[in-house]
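First comes the structure, then the notes that go with it.
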Amino acid sequence: MGRRAKNKQGDPLREPTEHISPQKLGKRKANPGSDQKRPAKKVKNPARPTRLESLQENVKPRRTGKAALSDSEESWGGIEEENHPEGWDDVQDEDAVPRYVISCSSGTTSHRVKWRRSLFQDSDVSSKSDATSVSDTDEEGEDLPITASNFEARSHALDAKLARYAKLDAEELQLAAQVEADDLEGAEDMDADEDEVDAPDNGTVLPTPEERAEEKKVGGPEVHVVQKRMRQCIGILKRWKTSGAKTGRDRTEFVEQLILDIASYYGYNEYLAEKLFQLFPAAEAIEFFDANEVPRPVTIRTNTLRTRRRDLAQALINRGVNLESIGKWTNVGLQVFESSVPIGATPEYLAGHYMLQAASSFLPVISLSPQPHERVLDMASSPGGKTTHMAALMQNTGIIFANDANKARTKSLTANIHRLGCKNVVVCSYDGREFPKVMGGFDRVLLDAPCSGTGVISKDASVKINKTEKDFTLLSHLQKQLILCAIDSVNPASKTGGYLVYSTCSVTIDENEAVVDYALRKRPNAHLVDSGLEFGRPGYTSYRGKSFHDSVKQTRRFYPHVHNMDGFFVAKFRVTKRAKQAEEDKERSYPAADEDVLQDVQFDEKEDERYIQGESPHNHSSGLLMNLTEAKRRRLKAKGLRVTPRNHATTSAISA
């Protein structure tokens with residue numbers, strides 16, 4: 001007997017014939033209504049193999065897994081079934097018990113399959129009625145080859161499996177239909193509103209003054225009432241051209257009511273709700289307000305001064321961070337979906353391998369595209385995300401002046417610069433409006449101007465209530481001053497640069513297109529060029545009666561409900577020499593060299609006689625030397641070099 005046969009569980013002991021209660025029945029439940037006890041039927045012994053045949057059968061190749069289970073079934077088939085009522089309690093006559101003849105001379109598994117097939121065909125516990133048995137048979141026969149003997153059993157198993165899969169598919173379709181029905185509930189309400197538009201009294205959607213007063217007394221209308229009224233107003237405004245006259249109300253009444261409901265539902269003050277609502281169509285405005293209630297994805301920027309994005313992604317994945325690339329428009333950004341560790345406290349973060357930075361903050365630097373060995377100014381640089389990004393693009397060459405008017409914020413700026421290993425950055429704290437006087441001649445300038453923050457409401461919800469008309473007026477005035485100073489700080493004669501990028505994290509017209517159009521009118525030497533960004537909506541050229549320069553359409557706008565990033569605005573300028581200055585340079589002529597001045601000097605015979613007679617030539621040649629000195633001063637000044645004071649230059653020339 002083999003080792004596996006020794007480890008098999010022994011055969012159950014034969015119990016004497018006795019009456020078994022219905023509660024002790026194994027597989028088939030007894031009828032609770034019948035109290036009659038039935039004796040267990042005795043199954044006659046099937047034809048048993050001889051001792052020699054049994055030994056031959058036991059000497060078989062070693063099997064594992066499911067094949068080994070079939071051996072136990074075969075050994076069970078040759079044992080006399082006495083007093084084992086399990087599975088046979090429904091047999092009424094001895095003649096109804098089938099006899100199974102097992103042939104073991106072939107040495108194959110076909111006899112077990114034949115016996116199992118006859119069992120399924122003759123017994124009441126068949127594959128057609130018991131799905132569990134079919135499943136077990138399918139699992140046991142998966143490793144066996146398909147032959148004529150097991151073809152039927154395998155076919156039944158496949159049919160049962162397909163039936164189970166069909167049932168699961170039906171359940172999934174039913175669940176999907178339920179979800180779709182829930183999603184289309186709002187559309188059905190819109191369809192109902194369409195039917196209501198035909199009614200002449202559809203203006204009753206708007207509350208009366210008495211109803212508004214009642215709502216204010218109770219602290220505002222209920223949420224479901226506001227939602228339904230907003231949907232109805234949007235539906236009416238969308239179809240205003242075709243059926244607006246049927247409402248019997250003015251369009252402004254529906255717009256005013258919708259703005260009031262938006263302010264009440266999303267928590268804005270009425271002024272800001274109206275200002276943001278006017279940027280979009282009615283339906284898209286609701287999408288914008290909904291997007292401001294959802295936080296933006298967590299994104300990080302790879303610091304290429306210390307690592308590569310592929311290596312950083314693999315290191316974070318090993319720490320349990322689920323992430324992927326932001327998109328094709330950036331080769332350093334990663335979006336974090338889930339993290340088992342604090343993403344701002346990993347060893348990689350502390351080592352300066354990446355920076356926690358919003359995806360929208362990549363855009364101004366990508367548009368500016370600073371080159372190595374350039375002189376760059378970041379006028380409002382704290383906390384340093386854009387500054388360190390530029391340092392990485394410049395490969396720690398050239399020089400970057402990182403300025404911030406708030407001296408307290410320069411601490412975090414300096415900390416990030418050191419952590420990320422930026423060695424070409426100089427931190428300073430000046431008012432940006434002083435920069436043309438403090439320092440100028442930059443190849444590229446980045447102005448991420450202070451703004452209202454209407455594009456980052458998802459991060460700072462206080463913007464909803466603390467921004468008033470006065471705030472927008474003051475911010476717009478400050479931005480216009482800063483952009484003029486930034487244009488004046490650019491070196492128009494730069495061979496590689498001469499560019500300015502103006503950006504804000506706001507979506508209002510007053511802080512974006514209006515400021516850009518003002519700069520174009522005040523500085524004719526500044527021109528808008530392509531931003532270099534592959535996506536984003538173009539800027540407005542006209543808005544509520546205001547018209548801007550046609551080139552303003554080259555600016556780019558980004559919205560949370562469209563691009564899944566913070567609201568942002570980017571404009572890129574190319575600064576050239578002023579026309580008046582260029583004309584003066586052409587008209588102005590300076591002596592190119594001393595030889596040119598000497599060519600105009602002619603010899604005087606009388607002066608030569610004095611030289612011959614030995615008189616001192618100092619007094620006579622001083623005028624000529626002064627002319628030479630003056631020509632040299634003009635030439636140095638034209639080149640932009642420092643010129644010594646006039647009195648000192650004259651004295652040194654005469655003394656020489």
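Just so you know, glycine gets a Cβ as well, placed from its N, Cα and C.
TrEMBL lists C505 with the feature active site, nucleophile. Taken from TrEMBL, the feature S-adenosyl-L-methionine binding site applies to D404, D431, D448. Per TrEMBL, compositional bias 'Basic and acidic residues' is recorded for 8-18, 209-219. What TrEMBL records for 120-135 is compositional bias 'Polar residues'. According to TrEMBL, the feature compositional bias 'Acidic residues' maps to 188-199. Taken from TrEMBL, the feature domain 'SAM-dependent MTase RsmB/NOP-type' covers 288-576. The feature region 'Disordered' is assigned by TrEMBL to 1-93, 118-144, 188-222, 606-625.
Everything TrEMBL records as a feature, shown here on the structure.
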residue: D404; record: S-adenosyl-L-methionine binding site; Cβ neighbours (10 Å): 23
residue: D431; record: S-adenosyl-L-methionine binding site; Cβ neighbours (10 Å): 13
residue: D448; record: S-adenosyl-L-methionine binding site; Cβ neighbours (10 Å): 22
residue: C505; record: active site, nucleophile; Cβ neighbours (10 Å): 23
Cα-Cα distance linking the residue listed as 'active site, nucleophile' and D404 (S-adenosyl-L-methionine binding site), given in Å to the nearest integer: 17
Secondary structure content of the compositional bias 'Basic and acidic residues' (209-219), with strand meaning DSSP E or B: 9 helix, 0 strand, 2 coil
C-alpha spacing of the residue listed as 'active site, nucleophile' relative to D448 (S-adenosyl-L-methionine binding site), in angstrom: 8
Rounded Cα-Cα span from the residue listed as 'active site, nucleophile' to D431 (S-adenosyl-L-methionine binding site), Å: 20
Additional residues surrounding S-adenosyl-L-methionine, by Cβ distance to the D404, D431, D448 centre under 8 Å: M379, A380, S381, S382, N403, A405, N406, G432, P450
Confidence summary for the domain 'SAM-dependent MTase RsmB/NOP-type' (288-576), mean pLDDT rounded: 94
